[in-house]
Amino acid sequence: GVIFPYHPRLGRYTLNFHEAQQACLEQDGILASHDQLHQAWLEGLDWCNAGWLEDGSVQYPISRPRERCGRADTPVGVRNYGYRHKESEHYDAFCFTSNLNGKVYFLKTFRKLSYPEAVQACKNNGAAVAKVGQLYAAWKIQLLDRCEAGWLEDGSIRYPIVNPRARCGGREPGVRNLGFPDKKYKLFGVYCFKKAGEVPPGAPKRV
């Protein structure tokens, strides 16, 4: 499986525990466990925003200590704020997804699309706009690597990089996030998700 940090369009630190649970579900995931986050940290996850885990604790993984991230002279590891108040305190979420019962793909279009056009384009292709968890799973499991920014279902713009290269957002592999632009006026590509058993047009049919 794969861990993905999540915050909604509203911005950072806007989710109480229950909203964090819901946010993960909406992105095809669940709140991660401490063990899952620790494993992701061992694999190099470095994230400077604290997020809820399934047990109601708030943690964040640091593999490159630095000043604006809890000081440079602190040890690497998963920083733990302990159990926080589930109703009144707000953080991001660490979500976990492990199954991808289908395929995520960047839709070839003649021009860039607004968000409503992107939704329609995937629909016309017999698919739906991919969710954040689906894109992370495709990146991790299918090794999806595409240096083109595209809409996702939550209105964010992201793209998955397996083999880092200079023009594609830095030296680390990962899913790049360009934030939440205006849905009506900003134009991008789109990542679609097609459930298993539904063959994308143009794909070779299995005999």
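Here the Cβ of each residue, glycine as well, is placed from N, Cα and C on the backbone.
Feature annotations, courtesy of TrEMBL:
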type: DISULFID; residues: CYS48-CYS69; note: disulfide bond
type: DISULFID; residues: CYS147-CYS168; note: disulfide bond
type: DOMAIN; residues: 2-97; note: domain 'Link'
type: DOMAIN; residues: 102-194; note: domain 'Link'
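CYS69 (disulfide bond) has a Cβ environment of 16 other Cβ atoms inside 10 Å. Sequence-distant neighbours of CYS48 (disulfide bond) (same chain, 6+ apart, CB under 8 A from its CB) are TYR60, ILE62, ARG68, CYS69. The helix, strand and coil residue counts that DSSP assigns across the domain 'Link' (2-97) are 22 helix, 30 strand, 44 coil. Mapped onto three states, the DSSP output places CYS168 (disulfide bond) in helix.
Under DSSP, the residues of the domain 'Link' (102-194) split into helix, strand and coil as follows: 23 helix, 26 strand, 44 coil.
Using a 10 Å radius centred on the Cβ of CYS168 (disulfide bond) and all shown protein chains, the other Cβ atoms total 17.
Counted within 10 Å of its Cβ, the other Cβ atoms near CYS147 (disulfide bond) come to 14, all protein chains included. For the domain 'Link' (2-97), the mean pLDDT of the prediction comes to 94.
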